[in-house]
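Chemist: Checked Swiss-Prot, it gives:
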type	residues	note
TRANSMEM	17-37	transmembrane segment
TRANSMEM	58-78	transmembrane segment
TRANSMEM	87-107	transmembrane segment
TRANSMEM	115-135	transmembrane segment
TRANSMEM	166-186	transmembrane segment
TRANSMEM	202-222	transmembrane segment
TRANSMEM	232-252	transmembrane segment
Amino acid sequence: MIVFISLFTIFLTVLSLLTNNIIVWWSIFLLMTVVFVLLNKSSKSYTSIFNYFVIQESLGLLFLLFSSGLLQFFIILLKIGVAPLHFWIFNVTNNIFNYALMWFLTFQKLPFLTILLQIFWLSSVYILLMGLLICYVQIFVMKSYKNLLIISSTESFNWIVLGLFFSMFNTLYLFVYYFLLMILLISKFSKSSGYNFVNWETALVFLNIPFSVSFFVKIFSLSEIFKFDSFFTLLLLFSMFLSVLAFSFWLINLSMKNNEELSGSNKMNYFIIFPLMVISII
């Protein structure tokens, strides 16, 4: 079923690129909501399903009502959960775990991303940069492992959206690596073992260790943003220090507890995928 849903999502993504019909786009929104419901029905995450359905379908109706490209652009930003319009995400993620959480943070957003590219508003770059600053402040004040992961994923996705406006091919290529990495990070996160995913590899990835996918996403996007506005680039670099302080909370906890219980943490997969990430530079 997962393979079928993944292929179906890729099909909807290609379809959204081939057409600019609003009715077709709205149909894609509806089908992606159905996909989310199917993935979470087996885990009985009814609260998350209800919240997601109400939010997405309400925004979908507003998307049909407003013919202005600018209003539709903001509606899609809100549907994806791009910062600073990500306030509704926590109402959905509270009751989803494992691969459903990974899907919601990554692949669920792919068809929306290609539609967003087609109705791009140039001045929205400043809104996305402001969203990054808000994410860094939120990361600094949060201490929940799961919420830190969600906010960090939202922040990384903002970088992906920024990069998409500058280079579509490079960003989609990095999105695939980002998707694979999130599979490794979130697959151990479940109701029965809520802290098993917090291992040294996870902490180092979110601290932007060189040659990790989050490192590449930020470097490529910063190099393009610097051509656009050097002041915001400098401000973002200073604000990134807040996220380092927040994720040091993970490092302190890891250094003070027995890590033998984290032995099944996919270490071999990390050693395999990290060298492959270097290829993305070439």
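Think of each number as a place in line: the chain as shown, counted from 1.
Placement of Cβ uses the backbone N, Cα and C atoms for every residue, glycine included.
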Chemist: Counting only residues 6+ away from its ends, which parts of the chain sit with a Cβ under 8 Å from the transmembrane segment (58-78)?
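Modeler: Beyond its ends, the transmembrane segment (58-78) has Cβ neighbours at 22-23, 25-26, 29-30, 33, 85, 88, 112, 115-116, 119-121, 124, 127.
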Chemist: Who are the long-range neighbours of the transmembrane segment (115-135) in its own chain, taking Cβ under 8 Å and residues 6 or more past its ends?
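Modeler: Here the qualifying positions are 16-17, 20, 25, 28, 69-70, 72-73, 76-77, 80, 82-86, 151-152, 154-155, 158-159, 161-162, 164-165, 168, 225, 228-229, 232, 235-236, 239.
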